[in-house]
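Copied straight from TrEMBL:
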{"type": "ACT_SITE", "residues": "A:SER149", "note": "active site, charge relay system"}
{"type": "ACT_SITE", "residues": "A:ASP226", "note": "active site, charge relay system"}
{"type": "ACT_SITE", "residues": "A:HIS260", "note": "active site, charge relay system"}
Amino acid sequence: MALTQVSSNKCAGGFQKVFEHDSTELKCKMKFAIYLPPKAETDKCPVLYWLSGLTCTEQNFITKAGSQLAAAEHGIIIVAPDTSPRGCNIEGEDESWDFGTGAGFYVNATQDPWKTNYRMYSYVTEELPKLINANFSTDPDRMSISGHSMGGHGALICALKNPGKYKAVSAFAPICNPVQCPWGQKAFTGYLGADRSAWEAYDATVLAASYSGPQLDILIDQGRDDQFLSASQLLPDNLIAVCSEKKIPVVFRLQPGYDHSYFFIYSFINDHIKHHAKYLNA
Amino acid sequence: MAHFLKPWSILSARSSRTEHADQCFQSQNCIRSPECFVQENFGRQEQHLEQHYNDVLQTLSQRYDDRETGLQEEKKSKLESLYKQLVACGQALDTSKELIETAQEVYRCQDERLFLKVAQLGLLRDFFFLEFAKEDIDLSLSTSLEFSTPLADLSDVKTMMDSINVVPAPSAPVINPQLPNSATQTSLHVCWSLFSDDTVEYYELYYRPVLEDTPADSTCVKVKETHCTVTDLLHNAQYELWVTATNTTGISPASEKALYMTVPSPPAIKQRECSSCPEAALIRWESGNTNPVDSYIVELSETGTVGAESNITESIVAVPTCQCLIQLQAGRQYLISVRAVNIGGPSDRSDAITISTTGTFFYLLEDTAHPCLSMSEDGFTIFYGDEELCVAILGDLIPVRGRHYWEVEVDDETEFRVGVAYEDTERDGYLGANGSSWCMRHIRTPSRHKYEFLHNGWSPDLRITVHPVRIGVALDYDRGTLSFFNANLEQHLHTFHCRFHNYVHPCFSLDNPGALTVHNGIQAPDYTFI
């Protein structure tokens, strides 16, 4: 579990670092970004896991989202892993931008040739937290999860599948109902096979319908001018309907004029970090 | 004058007797023993006697001077008169002498012709006669050589001598100004003293209320002491008082009139018009008096956070109007009461009000309520029975910047708007439809709940999956935020960012038949002001 520091930059009074390690789940070298707020020098801090979307690496969030100031203010460590295993040389992994490299979909693949390496679900929920807790000044009991688009889908399913593990959850333009949208159907077919019942284990809308556990408080921001929203890739209404039915507290905000880009994330990241801080610092 | 010295000798004789009394007096420790009274009474007598005799002596001396001056003047005038007469006689003699000489000359004249001439002028004889006749020399004295001695009028001296034996009527007493804290709502304690050491049998105190138009009738009280407590008076009223002293000889003139005032009635705190927040309380009261008072005193004591009596008392004095904004400490409980003050002193304490500085507390302003809105008895639940109207009411939030938090309890069906508005917001308009109000709005459709967060008629587009039945509203003047929460879930719903340029009032309205209840005096949960 050796970590190699790839880069370190002072930022907002703390440090934005990138590390590399050998992942046991993914069987390859993986990078992740970690922001350490000033408070981490003296105290154990809670951790927010950020899952990025299609085509992203560990770099997009830390260079474009503008999260460091709020993280420093609230004393929160932010960990941003990569979005899929890299350099595994699997055939077809680079064919599409929405499947394979950069499109892990945060599942544990059961189909060949993906099942050996494409275990992003376990990486994010098991291996990475252990690694972070062992190497940094963290409070292992206080973690939360968030993400954008595919990462939003990842955050929602991690929270729904692990009741009580995450103190808070939020998402930007998440893929809410992958079994019903083209992206999800393509990815799940490839990673999980044709059996749709296997898909449901990774669908936030389906998981919400059968969720039982500690009360959640989900914040979702969605750009109204998001092209993928109008392309029916995101389907937030389905999730809202189920959550209304099942009394899962959600505040869903449709933001006029905003699109799917990091400019949208940048605009509302402070609200999300504040939302997480309320529970992480309670 | 010598015989007037007698009284002095009497006095000196008495002075030796005083020495003994003096010693007795000195040896006491200012206790009012009989020796003291003897000394005092003796002193009064002695002074009175001295005074009287002095007066008599002075009067006589004055008369003597007057009389002597009179005689001197008479003498002067007589002498003058006689002198004049003498001068006149002298002149007459001179004139006569001249005439005689002239006649003799004429007689001695040898010239016959001249003599004939003169004889012709037989007038000569007549001339002489005329001349002599002219001067009717009065050889009687012009003035009498005697001096008149008019009867000296010493009747007043006689009266004075007589009155030495008589105790004089007292002089006007001196009435004291009102002493602080000597009055009550219905009574006044009046004191006076003697101007000089008069003998007095009793005093009569007169008093009447000072009224605006016609003077009132006065009441008279007879007392033996130099003080009196008059009762049965009106509160917060001005009275005019004067006193006379009477002894066997007569009644003294009246003292100067003094103005006294009874203390006011205690005020009454208007419970429903009081509000508070963790740092302060605003107390309002009714004066309790028809006429104005000078000021008010607000008194507060802390009853302790765990009910123990700590009795830290603080007084705020010189409050000019019937309200007071008091700075307090958070998380405590206080008992606050008010007194009214005029120059007579402070009234009794009003009934106390309990103020708790946990959270922000306010009542709903009944007179801002739409006529169709009705209110529960405790004043915290509003009901509306009709359709189609937006009926609203404002809350009486204490005008203190900082943070305030309150909760609104609603049900599943009621369509409501809750938020804040400036006091001058359009009362006919809908809450949130203008720039002077901000609110959360709940709309009920058959299939679902809809929510709007309105200001200037605009709302963001939100979905909320769990209908809040207890809404937390957090107002932060300094940060310029108004936030709404599902208080039961501790879930944040929305925050307005706005710089409030003036104080705002909580506002509540019902858009359809239903009810809502306001809960306040709650300590703001931590998550509400991250």
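In case you wondered, yes, glycine gets a Cβ from its N, Cα and C as well.
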Roughly how many angstrom lie between the C-alpha atoms of A:SER149 (active site, charge relay system) and A:ASP226 (active site, charge relay system)?
11
If you draw a 10 Å sphere on the Cβ of A:SER149 (active site, charge relay system), how many other Cβ atoms land inside?
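Looking across every protein chain shown, the total is 25.
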Long-range neighbours only, meaning 6 or more apart in sequence with Cβ under 8 Å: which ones does A:HIS260 (active site, charge relay system) have?
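Once residues fewer than 6 apart are set aside, A:HIS260 (active site, charge relay system) is near A:SER149, A:ALA173, A:GLY223, A:ASP226, A:GLN227, A:PHE228, A:LEU229.
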What is the total of other Cβ atoms whose distance to the Cβ of A:ASP226 (active site, charge relay system) is within 10 Å?
21
